[in-house]
Each structure stands twice: as C-alpha cells, then as structure tokens.
C-alpha cells in the first residue's frame, strides 16, 4: 500500500469514526437533554418552536455558505408537504408533553412499541402480508415487556400515559402513511429538514393560543422568573437537535445499514445507562429489566424484517427522524425497528 493511499485510508477511517461517535453521543444524550430542558423550561410549545427555529435557520445559513444543499422553499411544495408537517408537529407536541410528565424510560418503552402498531396497520390498511413467526414472537416480546414496565411503574399517572398513547398513535400514523406520501415529493434530506421545521415553526403560534401557553409565557416574562439554567438547557437542546440532523445523515452515508442499526441499538442502551447514572428520574430495577427486554424485542424485530445488507444510503433518500432537527424526543433509531430495512432509518421520521 502506497504512503498516499495509507494516508487517505487513515483520513477516511478517522472521519468515519468521528461521524459515528458524534452521532452516538447526540443520539444517546438528546432525549436526556430534552428531559432536562423541559424540566428547567416548562413551556413545551415555546421550547419546540425554538428548536424548529434553530434547525431551519441552521440549514438555511449552512446552505448559503455552501456547506450543504437543500431544495428551495416554494409555496406549491409547502402546500403538498403541509399534512406531513402537521402530523410531525403533533408527534413532537405529544412527545414533548410525554417527557414533561414522565421519565425518559417511559418514552423509550412507548417508542419501542411502534413496530407492533406499524405491523398491525400495515397488515390491516396497506395489504401487507402477515408477520412471520420470528416477527410475531419479537412483537410479542415487545408487548409483554411494555406491559411489565407499565405494571411496575411507580410513577404511573393517567396524564403521563394519556400523552404516551397519544404520542404512540401520532408517530405510528406518521410511519405508516405520511412517510410514503412525502417520498413522492422528491425532496433531498436537507430539503426535508427545512420544510419540516419551517412549517412546524409556522404552526407553533396556533398551538400556543390553543393550549394557553402564550398567557403563561407572558406572565413569566413580566415576573422575570427565567433563570440562566433554563437558558443553558434550552440552548443545549437546540444545539443537539441540529447536530443530530448533521451526524445522523452523515453516519448513514458513512457506514452500512447494518452498522447504523447496531449503532442505534447501542445508543438506546447508552441512553438508559446515562439516565440511571445522572439522576433519580428513571424506572425501578424491575422496570429497567422490562425496558431492556423491550429494546431486545426491537432488535429481533429488525432482524426478522431486514433483507440483504444494502449499500449506504444515498443523499436523495429521506431521513425523517434526523430531519426533525430539534424535535424533543429525537435521537434514536426506532423507525429502523419499525420496519425500514434499507438503511435510511427514519422515513426511511419520525
């Protein structure tokens, strides 16, 4: 091997390693950071709007600097994209309130339940074949583990689980229907990021008035109760939301679909471990065991629906999970567990 080729190989190796490590850190930390942000800054509508703003503005500025390419924002395309953006906003809205009222472990359990509903919806509404025996057993393991988690959850509240089920319904709707509709628009990944976050930002004021959050925010501004900790938490959440868009897309291009899926699984275990170590906002020991079995069930499901290993994703393939940018529940790879096996993960998300 010539010296020049060796240097090129080393550069590619370190670049790939850096991208994967960056994605792993962002993915495993984002849900915890968002939980911390919503704890310090208890205004979910405003928090997600700031995240949408950061992601949309980040893509626009980086595009102007020539560091990435995104499709131009046009009204005709925005009209076609609006239903997808609305469902996306509702998924993030319910996700935010789930993290507001429950711990990160509960979020992961319900996020891991999505393959079960997606499989049922695909069979019932999209004329897909019934799951194989291995797929059925993996879904059964996910369901049993989730029931075990709920049964042992000492922090169970009707409010938290109402938001959890609302989130489960909206995210399943997005996976089953919206992603296939958006595929036909021909947007590249960064165009999807721009449309998703910019349209969601435009919808945010309507939900502020609908939920009465605008009154709470104005009252807080008048009383001057915003503190530096809240500012840093929100800033960190917005930053990581943008970073996962970049690292998620880059990692999908740098490694194979299988390697990316393995990274996503490792990220879930890292999230659970970090969440247990840093504070007391986590499940009981029995609940954690059920949570881990839920993740294992998701891994088995992915293996049961995956075909032959494909080449790394091309730029035109959509990545909805990472396209949510600052989406408050972001950072995992559960849409791969929801039946996408082509390495594009989240539409290949949310």
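Glycine too: its Cβ is placed from the backbone N, Cα and C atoms.
TrEMBL entries are annotated by machine, without manual review.
Some features that TrEMBL has for this protein:
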type: DOMAIN; residues: 25-301; note: domain 'Sugar phosphate transporter'
type: REGION; residues: 308-350; note: region 'Disordered'
type: TRANSMEM; residues: 12-37; note: transmembrane segment
type: TRANSMEM; residues: 49-69; note: transmembrane segment
type: TRANSMEM; residues: 81-100; note: transmembrane segment
type: TRANSMEM; residues: 134-152; note: transmembrane segment
type: TRANSMEM; residues: 158-178; note: transmembrane segment
type: TRANSMEM; residues: 190-210; note: transmembrane segment
type: TRANSMEM; residues: 230-250; note: transmembrane segment
type: TRANSMEM; residues: 257-278; note: transmembrane segment
type: TRANSMEM; residues: 284-301; note: transmembrane segment
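Touching of the transmembrane segment (158-178) and the transmembrane segment (49-69) is ruled out by the presence of fewer than three CB pairs under 8 A, sequence neighbours closer than 6 excluded. Mean pLDDT for the domain 'Sugar phosphate transporter' (25-301) in this predicted model: 83.
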